[in-house]
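The feature transmembrane segment is assigned by TrEMBL to 14-35, 47-66, 73-91, 97-116, 137-157, 169-187, 219-239, 251-280, 287-306.
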């Protein structure tokens, strides 16, 4: 009788190739300020912070089940925290960016206590109300410029323009690549498995000892920290922040569009969605209102015919996984019967 041996596999040939390619692209991208043009750097900075925003919203809604239309609250909090730390505490603005994320995370804790009393669409509306309240508060906060906003140009006047652009780009590259890596590492951990269990069924999760409230609070704060860092980065590159710009609904609307067309509940979805959004914008942005109508039509059609998004459809049809998070039990022997048995959910959900 032949003894059958099994091994736990946490990656695939495709995912290993993707890891190598991604690492090479990040390393190559880090050299871009030395040979790339200014327009290229500006476009890539924007691409990277939209990618990071999409990953944070997808972590919150796609994996945590907390559908928010008020993530602009933490974009604005991060932006204003960076401004305050730079102008009033004398901290270097590039160092203030991660500190602004911590400030946004601290603000998220009390807001979660109120919002978590709401469920489903009420939570979504509540998150938007929170963002609007913050917009009005900062509009009347005269020390930070009130409704007209405030500039941080004076804080970066002494920095050489080339270095300012390069540092902003490197920070954006770290935030963009780091958001993908952080979400992937989280979802491969026990806490990540608990998070997806809560998303799929809170009742079943509680029955096996998972603290639903604590898991949701942790992912909400983690998303707020990430979004706060991104908000600080966005307005560091713009050199000026105002309540209407920082707390604009546009941040959430565009990110939701990106995640929906790319694929909710997948790590690859926000990446694909960001690429598609920038391609569409480059061809259609000059068409004004028709551009926004087209984006809305694409989102509606995707929800009707590809409910898991484009990547979700590709994953279900072809079994593609660039960032696998489930474990696979591989039969090592006998060779003729070698096979892989997935443990967890289907490839379509990437969990």
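Cβ atoms here come from the backbone N, Cα and C positions, even for glycine.
Worth saying up front: this structure is predicted, and the values here are computed from it rather than measured.
Under 8 Å from some Cβ of the transmembrane segment (47-66) lie the Cβ atoms of residues 75, 123, 172-173, 175-180, 183, 186-187, 192, 195-196, 198-199, 215-216, 219-220, 222-223, 226-227, 230, 233-234, 251-252, 254-256, 258-259, 262, 264-267, 269-271, 273-274, 277-278, 351, all in the same chain and six or more residues away from its ends. Using a cut-off of 8 Å between Cβ atoms, the transmembrane segment (219-239) and the transmembrane segment (137-157) share at least three residue pairs, counting only pairs 6 or more apart in sequence. By number of Cβ pairs under 8 Å, the transmembrane segment (169-187) is matched best by 251-280 from the list 73-91, 251-280, 287-306.
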